[in-house]
Amino acid sequence: MSDGDGEAGNSAYGRKAFKRSRSHFADRITADGRDGWPVEPGRYRLVVSRACPWASRALVSRRLLGLEEALSLAVADPIQDDRSWRFTLDPDGRDPVLGIRWLSEAYDKRETGYPGGVSVPAIVDVPSGRLVTNDYQQITLDLATEWRALHRAGAPDLYPEARRAEIDEVMAEVYRDVNNGVYRAGFATGQEEYEAACAGVFRRLELLAAQLERQRYLVGDTITEADIRLFTTLVRFDAVYHGHFKCNRWKLTEHPVLWAYARDLFQTPGFGDTVDFDHIKRHYYQVHTGVNPTGIVPLGPDLAGWLTPHHREDLGGRPFGDGTPPGPVRPGEEVPARGRP
Ligand SMILES: N[C@@H](CCC(=O)N[C@@H](CS)C(=O)NCC(=O)O)C(=O)O
């Protein structure tokens, strides 16, 4: 799955050229439990930051598939400290289920003295408190396929077998040029490196737009994993990638096709209701001090446009295929008003 660039540890924010390395903990939670981690309702806890695009994929998948009951959720503070992701949004600064203050405690339980970065998304085994996986490329694919027995009635097939080759191909291009491309532009420390990454972002987005002008979703006529992965970058585009990461050839709101596509998904239950623009902006602008030394968080952009009509229904498509949209957000998991349009 990975093309060789994977993990964004703290070093990613330093002076060296930006390089992702692979996720370290790549055990899989599967229906047959072959890695020792069988799918079981209530056994695992998904730890995310709503700021993080990689973790946000899992937030969307979990909602679309109706896994909220089976896989509980911990939301970390968008601002890490020197011990990384922490649960300061919870009473007493402790995750109420795992009883820990920092996600690193679950990493330590899994591997003493683990030298790598602590990253989200992470799935933790609740009974033992041990980290199971931080493999963000695999987590959502497994939610879509291995967790099927626990999906809600009417859950969509986000990774349909017949279209996997096509979905994989689109996701690889989107990952390289867009999902990770914005990071390569934003953390570039040389002009040429920045220009190549930034040009790559917009080249790929234009290619995708040419396709999305004619069809409602990236692959077939229903929402798939490929749409989730493009959405999590697009939804951050004007808020952080355009300014902070200097991907500023145009704003998403200036691109009729992609802006309508992103709004369509945002307004689909399970997408926009997971997005916290306050967490997104504070994380990027305050944590990446190499890029933004003052830590000042901009007031804009105006978010009201996210809720305006998109008219993408005119292209046809069946968002959930033979399934249905998910119900309302679980009580206690709503995004606070300050993070919403
Ligand atoms: N590094 C992760 C990918 C996800 C990722 O990069 N997450 C970021 C947040 S967007 C993270 O947690 N970085 C570690 C840090 O900022 O301390 C992995 O390889 O599994």
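Glycine is treated like the rest: Cβ placed from N, Cα and C.
Long-range Cβ contacts of CYS52 (active site, nucleophile) within its own chain (separation 6+, distance under 8 Å): VAL120, PRO121, HIS283. Residues or ranges marked as active site, nucleophile in TrEMBL: CYS52.
TRP85 (glutathione binding site) falls within neither a helix nor a strand when secondary structure is assigned with DSSP, and so counts as coil. The annotation glutathione binding site is assigned in TrEMBL to TRP85.
This prediction places the mean pLDDT of the domain 'GST C-terminal' (160-287) at 98. What TrEMBL lists as domain 'GST C-terminal' is 160-287.
The feature active site, proton donor/acceptor is assigned by TrEMBL to TYR183. TYR183 (active site, proton donor/acceptor) carries a helical DSSP state (H, G or I).
The site 'Lowers pKa of active site Cys' annotation in TrEMBL covers TYR241 (among others). Shown in sequence order, VAL182, ALA185, GLY186, THR233, CYS247 are the residues of the chain, 6+ apart in sequence, with a C-beta less than 8 angstroms from the C-beta of TYR241 (site 'Lowers pKa of active site Cys'). DSSP assigns TYR241 (site 'Lowers pKa of active site Cys') to a helix.
What TrEMBL records for TYR284 (among others) is site 'Lowers pKa of active site Cys'. Long-range Cβ neighbours of TYR284 (site 'Lowers pKa of active site Cys') (same chain, at least 6 residues apart, Cβ-Cβ under 8 Å): ALA51, ARG236, VAL240, HIS244, PHE245, ASN292. According to DSSP, TYR284 (site 'Lowers pKa of active site Cys') is assigned to a helical segment.
With a threshold of 8 Å between CB atoms, the same-chain residues lying at least 6 positions outside the region 'Disordered' (314-341) that come near it are 50, 63-64, 66, 68, 73, 152, 154-157, 214-217, 221-223, 268-270, 272-280, 303-307. For 314-341, the entry in TrEMBL reads region 'Disordered'.
Annotation source TrEMBL lists compositional bias 'Basic and acidic residues' at 331-341.
Neighbour counts of Cβ atoms within 10 Å were compared across the recorded positions TRP85, TYR183; the minimum falls on TYR183. In this structure, none of the recorded positions TYR183, TYR241, TYR284 sits close to ligand 1 with a C-beta under 6 angstroms from any of its atoms.
DSSP assignment over the compositional bias 'Basic and acidic residues' (331-341) gives 3 helix, 0 strand, 8 coil. Of the recorded residues, TYR183 (active site, proton donor/acceptor) and TRP85 (glutathione binding site) place their C-alpha atoms 19 Å from one another.
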